[in-house]
Amino acid sequence: MQDKFIKKRHILEYEDKQLINVKLGITTREDGLSPYPHNAFNMARYIDDSQQNITKHQEMLATVIGFPREQWVFPIQTHENKVVKVTSNDKGTNIDALNDALHGVDALYTYEPNLLLTMCYADCVPIYFYSEKNHFIGLAHAGWRGTVGQIVNALISNIDFDLNDLNVVIGPATSTSYEINDDIKSKFETLPIDINQYIDTRGTDRHGIDLKRANALLLENAGVPKDNIYITNYATSEDLSLFFSYRVEKGNTGRMLAFIGQ
């Protein structure tokens with residue numbers, strides 16, 4: 001079955017017949033102006049890159065997806081589980097330059113139109129939430145810390161409609177080649193889901209983990225119907241021609257931008 005993330009210029013766009021007024025996807029590393037190592041489509045202002053490159057990439061993306069930069073919102077992510085509701089007053093936050101607005105925020109949601117929620121990724125899991133019926137969109141950033149902190153639950157706790165009307169898309173992230181040690185594994189053991197469904201022990205102090213699967217299980221446990229959750233097969237750590245991977249490239253890499261707008 002074909003993946004619902006469809007490759008287009010600069011992006012992978014999620015396509016589904018249920019989507020009418022919502023657009024969501026993630027940028028790729030292709031056809032840009034940045035190093036990492038060359039011609040990369042980096043979207044992060046907080047790494048070693050020309051600010052002019054980022055602005056140009058934003059302008060290119062705005063043209064592709066039909067959301068002007070003035071409608072974008074970008075938080076300063078810190079691998080925590082803080083969730084913030086955004087409104088039209090937040091338009092343009094951290095787009096032209098970074099400031100302290102929305103600092104320490106790893107999930108956003110809104111019920112308002114003409115907003116594009118955005119965050120940067122390079123292995124962590126982008127998790128998109130939407131309900132066309134309720135004019136709701138959300139976006140979460142879940143690395144291992146955010147997963148342990150149950151950021152998906154933190155976002156869902158703000159929803160005031162029936163979860164049967166919520167759809168969740170789990171986007172490109174690191175593959176099951178990602179490994180954690182005993183100490184980190186012990187943190188996952190505190191979660192209310194079956195650890196054997198997403199962690200496998202591979203040796204002394206070595207455990208493979210499927211972060212996409214872990215977040216899907218947390219969503220199900222929180223009451224989101226399994227049929228309403230989609231998990232892409234794309235893996236950032238397995239295709240460096242398409243994605244940046246912080247772990248594989250040992251931190252010397254760019255960032256993709258996940259986005260969802262209505």
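Here, residue 1 is simply the first one shown, and the rest follow in order.
From the backbone N, Cα and C atoms, a Cβ is placed for every residue, glycine too.
What Swiss-Prot records for His79, Cys124, His141 is Zn(2+) binding site, and it gives similarity to another entry as the kind of evidence. For His141 (Zn(2+) binding site), the same-chain residues lying six or more positions away in sequence with a CB closer than 8 A to its CB are Gln77, His79, Asp106, Ala107, Met119, Tyr121, Cys124, Val125, Pro126, Ile127, Ile151, Ala258.
Apart from the site residues His79, Cys124, His141, the chain places the Cβ of Gln77, Asp106, Met119, Tyr121, Val125, Ala142, Gly143, Arg145, Gly146 no farther than 8 Å from the centroid of the site's Cβ atoms, the recorded Zn(2+) location.
Within 10 Å of the C-beta of His79 (Zn(2+) binding site) there are 15 other C-beta atoms, taking all protein chains into account. In the three-state DSSP scheme, His141 (Zn(2+) binding site) is classed as strand.
Other Cβ atoms within 10 Å of the Cβ of Cys124 (Zn(2+) binding site), summed over all protein chains shown, number 26.
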